[in-house]
Amino acid sequence: MTEADFLAALRRLPLHAGAHGLTDDAAHLGDLILTKDMVVAGVHFLPDDPPADVAWKLVATNLSDLAAKGAVPLGVMLGYPIGEEAWDRAFLAGLDEVLRTFGCPLLGGDTVKLPPDAPRILSLTALGRSAHAPRRDGARAGDGLWITGTIGDAGAGLAIAQGAAGPASLLARYRRPIPRLAEGQALAPIVHAMMDVSDGLLIDARRMASASGLAVTIDLADVPVSDDLKAFGHDALTAATAGDDYELLFACDGEPPVAATRIGTFATGEGLHPLQNGQPIPLPDRLGYQH
Ligand code: TPP
């Protein structure tokens, strides 16, 4: 079964109104926001990534979904496969560090015992509270498309984790993303749509435009990339399709109240229309990470 077929089947099951037809990253129950992510060794992290970093990334990527809702984290529930003693201990140390860093306590969870050769699969459910949770489908024609931070660093970080030569700063952006919680909270009341970038800037921007029933342009010359990434040799297109960024992508009119870069504009119509210095360029074959 494809993911699309599975989701279509799920949509025929009894759905809560706050599930928004399973079109968003999080469910809304009044001002409570719920989100869940699973991570799999070999897919989301490398089997030899440090266990403390796996813990960090598991929590940080879920908190990033809360950030996209402007939520204050209330707590997380962990699904964890108990295995090797040393791995488990190092994981617990990383979990302690990330939960303290973001002021987010553990609410509970469940553990299982893994068969010896099973791949590690971990899951986390995060709960937060937001009075003005934006969705990804509210962009309006004429809105600017904006992004926080820089894009593409984590993609280079993955290459470095796999053996390429490069700076620790890029590796850290792959292994220890920082959820944009404060930015999300400041943006939520004023944006028309917001989501975090996990699969890649271009594919996620197209999803926001499509959910909003609009077209969007992105000028690759405006995509913010770090000096480290330029020195590493990745161009803006590579950065905009790499994924794992966990920056906030949002639609608003006027200037946002946080540091961010305007990279495009929403208009009537449909689809993603990439530009380079204002000139249309062909749509790349690959817009982001594909499972
Ligand atoms: N290979 C490894 C070992 N690690 C990675 N992080 C990637 C490839 C790249 N990658 C894997 S999943 C993913 C990316 C960019 C997208 C995010 O994962 P997903 O499960 O789609 O998260 P969601 O969008 O549901 O939050």
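Backbone N, Cα and C atoms are what each Cβ position is placed from, and that goes for glycine too.
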**Further binder of Mg(2+) 3 named by TrEMBL next to ASP25, ASP65, taken from the candidates ASP196, ASP199, ASP204, ASP219** = ASP196
**Message:** Which secondary structure state does DSSP assign to ASP196 (Mg(2+) 3 binding site), in the simple three-class scheme?
**Reply:** strand
**Annotated ATP contacts GLY109, ASP110, ARG136, SER198, maximal Cα-Cα distance (Å, integer)** = 31
**Asked** Just checking: which of ASP37, ASP65, ASP244 have a Cα that is within 10 Å of the Cα of ASP199 (Mg(2+) 5 binding site), counting only these binding-site residues?
**Response** ASP244
**Asked** Near the Mg(2+) 3 site, what residues other than ASP25, ASP65, ASP196 in the same chain have a C-beta no further than 8 Å from the centroid of the listed C-beta atoms?
**Response** ALA26, THR35, SER64, LEU66, ALA67, ALA68, LYS69, MET195, SER198
**Complete:** For ARG136 (ATP binding site), the number of neighbouring Cβ atoms whose distance to its own Cβ is within 10 Å equals 24
